[in-house]
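Per Swiss-Prot, these features apply:
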DOMAIN    6-148  domain 'RNase H type-1'
BINDING   15, 140  Mg(2+) 2 binding site
BINDING   15, 54, 76  Mg(2+) 1 binding site
REGION    136-157  region 'Disordered'
């Protein structure tokens, strides 16, 4: 198993999907460490957005790691990558308000993601979606599976 400074090196590929935006959604993640691979997916039958599903994929993948790790997280979402690497510090400083003083969308998930990231050393890598990257294609297929399962689940009453 690859390690750095005693920490496991993990490659994560994430993706989110949504039908209707808002509508039912799904997320998927592929975690690779050494010779091991783990796939995660899930969905939301109620009204959600593609951005919420992208965030959820990253959160679930990072929360699945059982110990602090060195992570390379690959995403096709510029919203996710820019949010966590650039915008989040300002949002936190402004009390989770945008520069226009409006509430940050998905603040609940951004805060959860920030907590999940704190345990790890994470490098955020953007990949072009639907361009043949094997990890992204697999994460996309898992997100589609999560969406399909969410469509078959009745929304909460």
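Numbers here mean position along the shown chain, with the first residue as 1.
Note that Cβ sites are derived from N, Cα and C of the backbone, with glycine treated the same way.
Taking the Cβ of residue 15 (Mg(2+) 2 binding site) as centre and 10 Å as the limit, one finds 33 other Cβ atoms among all the protein chains shown. Cβ neighbour count within 10 Å across all protein chains ranks 54 highest among the binding-site residues 54, 76, 140.
Between residue 76 (Mg(2+) 1 binding site) and residue 15 (Mg(2+) 2 binding site), the C-alpha separation comes to 7 Å. Same-chain residues that are not part of 15, 54, 76 yet have a Cβ within 8 Å of the Cβ center of the Mg(2+) 1 site turn out to be 14, 16, 53, 57, 75, 77, 80, 129, 136, 139, 140, 143.
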